[in-house]
Amino acid sequence: MTSVRVREAKKAFNGQSVLRGVDFAVRDGEIAALLGPSGCGKTTLLRLIAGFERLDGGAIEIHGREVAGEGLHVPPERRRIGYVPQEGALFPHLTVLGNVGFGLARRERTRERIGEVLALVGVQELAERYPHELSGGQQQRVALARALAPRPEIVLLDEPFNGLDLDLRRAVSAEVVATLRRSGASAILVTHDPEEAFASADTVAVMNQGAIAQQGDPRSVYLQPASAEVARITGAAVFLDATIRGAVAETALGSMPLGAASPGVNGFARVCVRPEQIVLGAPGSGCAAKILARSFRGDHTVLTVAIGEFRLPVRAPTSFAADASVVEVALEGSCVAFPR
Amino acid sequence: MKRLDRRAFAAGLAAAGGAALLGSGRSAWANEGGALTLYNGQHAETTAAIVEAFTQQTGVQVAIRRGNSAQLANQIIEEGQASPADVFYSEESAPIAALAARGLLAPAQPDTIAQVHSQFAAKDGSWVGVSARCRVVAYNVDMIEPEALPGSVMDFANPEWRGRVGFVPTSGEFQAQALAIVKLKGREAALDWLKGLKANGRVYNGNVAAVQAVQRGEIPTALVNNYYWFRVADEVGADRMKCQLQYLGHKDPGALVTLSGAGILKSSKRQELAQRLLAFMVSVPGQQALVGAVAEYPVRPDVKSPYPLKPLDELDPPDVSPEDIADSDLARDLRREAGLA
Amino acid sequence: MTLALAGAGRRTRSPSWLTLAVLAPTLLISLPIAYVATRAWQVGLAGVAEELFRARTAELLVNTVTLAGSVTLLSALIGVAVAWCVERSDVPGRRWWRVAAALPLAVPAFVASFAWASMGVAFQTMPGAVLILTLSHYPLVYLPVAAALRGMDPAFDDVARSLGRTSWRRFVSVTLPQAWPALGAGALLVLTHMFAEFGALALLRVQTFTTAIFESYELEFDGGTAALQSAVLLALALPPALFEMKLRRDLRFARVGKGGRRRLSLTPLGGARPFVLFGMAALIALALGAPCAVLAYWLAVGKSFGHAAADIWPAVKGSLTLALPGALVVTALAAPLALAATRHLGRLSGLAERLPYVVHGLPGLVVALALVFFSIRFFPEVYQTVALLFAAYAVLALPLAQSALRASLELAPARFEEVARSLGKGPVAAFVAVTLPNMLPGVGAALALITLELARELTATLMLAPIGVTTLATEVWSQANEGRYAAAAPFAALLVAVSAIPVYVFTRRSLELHDL
């Protein structure tokens, strides 16, 4: 059963088209990520699902019930959603207790029920505090508790970890995901950070220029991007010129098998390789390259090397010889090819 | 706690707002058929004294709206037929003459008109004078000898008075004085006089302010009404008055006698009661109440003011009727041509 | 920053309940405009041309612009300087100065003007009027700018310092630009107050359009000249009102994010400290001392003292029962305007939000006559009831409430309401449960400021209050009009004292706003 289904969603602001016919679905109990650069329409899509904006065309269903469509707009308060905005937006005039109890019906608004939800996110001891007395991470957890308290059909998270520093961000997002899984709710997470999307979501929808460019599980969108843009949005990518012969791409660094996602590309093409696929090879196993620069990264070192006119980054172990000026570079795994 | 406070505050707000709305239900028309409504531009105490005596005698209640006479007249004009006012009592004659000119006043009963000196009511009987006063020259005894004062108000337009005379161009009585000059000496003379004053004089926004300026020694002379001297004297003590009054007499426009008057609104639904109030204002008890409260001349000969006023029959004012000094359009044109407005 | 921009682009059409709520104040505000237009129309085109191209009109224009411009400029300079000293310098006794600097607002301009005018003719001139009115109006700039300086993110200042900016250049290049919206809002209020000022200017013998309007009503009874002069005033107020909106719109995105929790660093005054102290002391002595001294003199010298003692309690009661509920009504009417302007700024809500500022430049007399004109024709039931008087108060004081409410609304972003709606609250319930409580500091400030303004309102109260109701302001007028200054003094002193309470509340409120 699907939790959310969006069909042909269209939306324009001031005559500027922001969504141009988006199809998107989330299954029950699933966590989906909407991943894309800023301005791609991911937040607009989330706000349409929430009901904060009206659709210009298309339809939205939540749990099999149509909530937006031709002549229909169910207001947000009747969609049974949970919403966690950027920076949490806790109500500054209410305590944690007041915030979490806010969405509960009066008879449900008991200390026990609220305590239960606070325990779910692990902040029961903060019940009497006001938002300005909480750290950023605590604020996010309370915001999630507030969204989960009324047992929504689906939780919508709009770049909720943006305000947190990197360390906290990973930890809090892991906790939030764990909590969501425990609660059994479906969720949609809007983010521009691929690592966050992959770590959190069962399915990732990559958005670009008002449309969904690809939706699939994290592995497939990362390893088999449907387009060069998707490759760029989902992580660092190196593009190499190549000649395709059957299932093999021949590049300046040697030949490499094509992944399943590049059928029908033949002859001259570009292949996409992830940086971690470019490795140092044993002498004779790859292609000789000149080291131009080295950048120490702690657990590894990144070399910038040149093969003829072509420059590319290569990961080397920290222990890599400091005086070497030439290395042997090789490719690992399979790649995806796009027509040139 | 904090939360409770805010709730209580919000509830308080709502309650106060509700109370305000309920309170607003009280309509101005609630006293229909009951009390008379008087729009009063005359000094509050003068009117209060008369009305109190009236209510005592007749048992009729009078509700009084106070304000500046001209502003009240403008308000009555905007109100038109729906005006809640029954009677208008103006401090000066121009505002009530303006209502008469617009046909908003019902004529006073002939009996009422007959009570007062024939010069002290509108010819058509649309309103009646309630008190009279005289234009004078106020001067500071430390700054100028009375002998050095001019014999005629016309002389203040001459260059030797530059910077030495104060006047109040926005006062209705000053307008009346200019119109009296038109009547007595012609339009040109009046215009020249206004131009001369504009060049020479210092403009004050009110007669009290002008008398005080003379008293303080800010300016040696000012053109005002006689009773303002008594107001200031009441406040600072007559023995401490540096300011004294010069009555010009000799039928000079500077000795003009003007009126404070009252009239009945044509739209009033209580004509009979209103006529009774108007008649009372010029009756002996009404006039007696008046002269005790303000240093103006009574409009009937058989009542005497307790104030040490120069007797009415010694003022020797110019021969000018209320109609002669009622043309506010002409007054405006003159003021504009002289650059005063 | 980009996120905030994206959020702004997403500004939605206002919901229908808000549109309806905006309609009421907008309708009220357009009444004086319609009235002025009606009366001006009756003059005819030829009359309009004649009136507009008179030498007198040019003279009034020069006077009005000179006075309003100078007072606004000086108030801006003094207001910003005092705000900076109180909030960002280490001047001793900052807490005390913070309130003291706002107190001149409690002295009605006509009381101050009377004090100065009686001290000598030198003050009864344009420069004198500029000085005296600046002294009583600079707090309108000081208060919002002080609040803005207080709420500013210290990081900006730190960055500027790290870039080697000296204290003065930091102020000009970093601090001031962030205070622009607050400065603009305050300056606009001062400017429109100057357009509408009558009592003080009559005493100081300076002629502007407003004094001319009063004169016209004094001596003419067709309202034509006054209407044309009012139309010029409206035209004068329009460009600054639009400019201020543009100023705020351009800088809207500069204020995303909460101010830092860290305390702002204070600039040491060093050797300038005695001069700053002396300057502030002199300012407050002039603004407060002179009027108080004159009130004391009246009491000591006048023979009419105690004359109207029996009228004191009814006047206090009248003032409180009109000003406090009046302030509530005005604030309630202003709320939707402020809300629409901060949440759904479109062309129409922009106009609705601006109109009150334009009409704020009209004298109370014109507003009162307009309401007489319309209510007697269309709603005779409300004529001369509290309801109509409150409508007049709204027309006269809406912008004061709008400015105060807007400041606090910006602290309660739309996101709060969205969260509330995702949790099952309807639009109105969400507003009441979330936005309203967070607006309360602003509501408190608005109430205080309007109570202050209404307590001293004279013309509309005289014309429209239920018959027989007196207020402190009407009694001051009535007694002073008769030359009984000693009798007027207790009323004036009470008016100042009663006004000082809202000033104090407003000062605390508006400064605390950014401490939340």
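From the backbone N, Cα and C atoms, a Cβ is placed for every residue, glycine too.
Remember, predicted model here, so these are calculated numbers, not experimental data.
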Where TrEMBL shows B:H43, B:Y227, B:Y228 binding Fe cation, which of B:E91, B:E92, B:E147, B:E160 is named for the same site?
B:E91
The region 'Disordered' (B:306-341) - residue tally per DSSP class, helix then strand then coil
17 helix, 0 strand, 19 coil
Listed binding-site residues (B:H43, B:E91, B:Y227) that sit near chain C [CB under 8 A]
B:H43
Please give me the CB contact count at 10 A for B:H43 (Fe cation binding site), counting all chains in the structure.
20
Run through the Cβ atoms and count how many others sit within 10 Å of the one on B:Y227 (Fe cation binding site).
21
DSSP, reduced to three states, assigns B:H43 (Fe cation binding site) to coil
May I ask which residues of the same chain, at least 6 positions away in sequence, place their Cβ under 8 angstroms from the Cβ of B:E91 (Fe cation binding site)?
B:G41, B:Q42, B:H43, B:S69, B:G172, B:S260
Within 10 Å of the Cβ of B:Y228 (Fe cation binding site), how many other Cβ atoms can be counted across all chains shown?
27
